[in-house]
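Only one structure is covered here, and it is reproduced in the block below.
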Amino acid sequence: MLVAVEIFGFFLTAVGLLMLGVTLAHSSWRVSTVHGNVITTNTIFENLWYSCATDSMGVHNCWEFPSMLALSGYIQACRALMITAILLGFLGLFLGMVGLRCTNIGGLELSRKTKLAATAGALHILAGICGMVAVSWYAFNITRDFFNPLYAGTKYELGPALYLGWSACLLAILGGICLFSNCCCSRDRDPATGVQLPYKAPVIPAASLAARLPAAASDEEGDSSFGKYGKNAYV
């Protein structure tokens, strides 16, 4: 059962990481459509790197943002968060591959594999949180400008990349929780069957036990020698 949970969590994190990469490269983070009397005359869509426009004739033009310093602060922060999420996801994917019980990469012991799997789960949870913050922050700015009556610029709507990003972050977090919680649940279980192991009393080494016996014997002798003399012996 524990092995199945680990494999399921690893699969979720791998799919989540792939979807995060697609989200970062997706062109439609926000979309604006200009409608004419009969047909759609112009469609503008942007992501974190460039802006594109498509007219009614199907002509497609894209241009990159001129300078990183000229961008809004939240776009720069979203870039950093998404790149951090993908790097954490790749590191977690590698550690998870090594830490799975069903793999024999590196020939590690079970205890080390469990720790690596837990570390991989924590990294995937952090990656999902970073991606979730980036996507949600970007969506917040879109909705704020859209419903602001004083905003004179182009009003955009949420693009499909944001929904893809939310799904990717959710998969990464769920997979990371499976890997991390599986480490906590496997401490007192049989690694092969997943059955709860019976309680074992702590074993006291023979050397420490022998060191304790003379001290206890001397205490008993002192008590017995003191007991030989009662109150009447001093009268």
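Glycine is treated like the rest: Cβ placed from N, Cα and C.
Copied from Swiss-Prot, the annotated features are:
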type	residues	note
TRANSMEM	2-24	transmembrane segment
TOPO_DOM	25-74	topological domain 'Extracellular'
DISULFID	Cys52-Cys62	disulfide bond
SITE	Asp55	site 'Important for Na(+)-selective paracellular ion transport'
SITE	Glu64	site 'Important for Na(+)-selective paracellular ion transport'
SITE	Met68	site 'Important for the formation of tight-junction strand-like structures'
TRANSMEM	75-99	transmembrane segment
TOPO_DOM	100-115	topological domain 'Cytoplasmic'
MOD_RES	Ser111	phosphoserine
TRANSMEM	116-140	transmembrane segment
TOPO_DOM	141-159	topological domain 'Extracellular'
TRANSMEM	160-182	transmembrane segment
TOPO_DOM	183-235	topological domain 'Cytoplasmic'
MOD_RES	Ser218	phosphoserine
MOD_RES	Ser225	phosphoserine
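Structure coloured by features recorded in Swiss-Prot.
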| residue | record | Cβ within 10 Å |
| --- | --- | --- |
| Cys52 | disulfide bond | 15 |
| Asp55 | site 'Important for Na(+)-selective paracellular ion transport' | 13 |
| Cys62 | disulfide bond | 13 |
| Glu64 | site 'Important for Na(+)-selective paracellular ion transport' | 8 |
| Met68 | site 'Important for the formation of tight-junction strand-like structures' | 9 |
| Ser111 | phosphoserine | 11 |
Long-range environment of the transmembrane segment (116-140) - Cβ separation under 8 angstroms, sequence gap at least 6: 6, 9, 13, 16-17, 20, 23, 29-30, 48, 74-75, 77-78, 81-82, 84-86, 88-89, 91-96, 98-100, 108, 158, 162, 165-166, 168-173, 175-184
Rounded mean pLDDT for the residues that make up the topological domain 'Cytoplasmic' (183-235): 51
Cys52 (disulfide bond) and Glu64 (site 'Important for Na(+)-selective paracellular ion transport'), distance between Cα atoms, whole Å: 9
Assigned conformation of Ser111 (phosphoserine) - DSSP reduced to three states: helix
Mapped DSSP class for Met68 (site 'Important for the formation of tight-junction strand-like structures'), helix or strand or coil: coil
Inter-residue Cα distance where the pair is Cys52 (disulfide bond) and Met68 (site 'Important for the formation of tight-junction strand-like structures'), in Å: 17
Outside the topological domain 'Extracellular' (141-159), six or more residues from its ends: residues with CB under 8 Å to it: 26, 28-33, 44-47, 72, 74
DSSP-derived structure type at Cys62 (disulfide bond), helix or strand or else coil: strand
In three-state DSSP terms, the structure that Asp55 (site 'Important for Na(+)-selective paracellular ion transport') belongs to: strand
Rounded distance in angstrom between the Cα atoms of Cys62 (disulfide bond) and Asp55 (site 'Important for Na(+)-selective paracellular ion transport'): 12
